[in-house]
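To start, the structure itself, in structure tokens.
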Amino acid sequence: FLLPFFLKENKKRKRAEEGEKASEDQSVSAIQEPPVKAKKIRKKERSGAEKKLSERENALEQADEEEDQKLFQNQVKQKKKASQAITKGVVNSATGATAKQRKRKRVTDEAADRRTVFVGNLPVSCTDQVLKSLFKKYGQIQSIRFRSLIPAEDAVSKKVAAIKHKVHPNAKFINAYVVFKEECDAQKALKENGTEIASGFHIRVDTASKTSSHDNKRSVFLGNLPYDIRDDAVREHFHDCGDVVGVRVVRDRSTGLGKGFGYVLFENTDAVHLALKLNNSVLMGRKIRVQRITDKKKAQKSPDQSRAPKERLDKKKKEKSCSNDSFVGEKATPLKKSTKPKRLKTTPRNKAGKNKKSFGKNQSSKNAR
């Protein structure tokens, strides 16, 4: 009977000890709880400060990065500007150089043209030796170039045709340029203008420079010319009018055929009056048209000059129609008509009513009488 009693007491003791331990643990936990919370609060405070510090540091880093980017962009812009300025300078220098080169080329071309003589209406059989023998007495010749060549074949160029003398069989004449070393020699060579270099070939010698002006007062325009006409045929047609200085028939470069018009230059202006009488004359089966050459610049500047003389003549005629002895009275000044429309006189409504009443009273008084 003792064992179950002892067992019960041991169980009671164990329960009491366990209760004491639990109470102790609770007291210890109650004692230890406040410092844990304080630590948590401190940790939170520290974490908030750290966050602020980290945010500030991040903001400063971003600001530094932005400044670095701005500096880099400014450097890139400055480099671009410098490169653009360099390229502009190079382009300007290049354009200036090209402009200078062009000016120099123009000057050299003009100088070369002044030393160059154009020789037209040459026979196809003409060679360099023939032209040298003709112009060497005026000075030293630098070069001779043949132009207006029609090759015998389409595949052959004009340069090769000139070198090999492979000219089309229907071609009748060619032109050439003779370049002298001195300008004065080229001016002397103009004396050969109109000389007959071969039978039926009177050459036309003129300066190649564009500054040489054509005298329109001593020239006539020819129209409706035959396409296969020669310069000598035109010269013979106008030979009786006066001394012919030069004949120029405008031709196609590729075919050498005429375009149907040309010019004749005379020595004197009197020959122009005689040449105008040959208007509608027949040349190689065609009625040619002969006209004066007018300056286009003058015609454009004064387009109303043709009307001015007519107006002057009309004024003179009106002045002559009124004789000096005839009495001229003073003109009466006409009355000015008013343009405003006349308004009808209308009586106002109040006055009209009064008039009606007075009119009724008068009638009643008359009836009473």
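Each residue, glycine too, has its Cβ placed from N, Cα and C.
Look at TrEMBL and you will find 15-24 (among others) tagged as compositional bias 'Basic and acidic residues'.
Taken from TrEMBL, the feature compositional bias 'Basic and acidic residues' covers 46-59 (among others).
The compositional bias 'Basic and acidic residues' feature in TrEMBL is assigned to 307-322 (among others).
Residues or ranges marked as compositional bias 'Basic residues' in TrEMBL: 337-359.
Annotation comment: TrEMBL describes 360-369 as compositional bias 'Polar residues'.
Per TrEMBL, domain 'RRM' is recorded for 115-210 (among others).
Per TrEMBL, domain 'RRM' is recorded for 218-295 (among others).
If you look up TrEMBL, you'll see 11-67 (among others) marked as region 'Disordered'.
Look at TrEMBL and you will find 293-369 (among others) tagged as region 'Disordered'.
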Mean pLDDT over the domain 'RRM' (115-210): what is the value?
86
Could you tell me how many residues in the compositional bias 'Basic and acidic residues' (46-59) are helical, how many are strand and how many are coil under DSSP?
14 helix, 0 strand, 0 coil
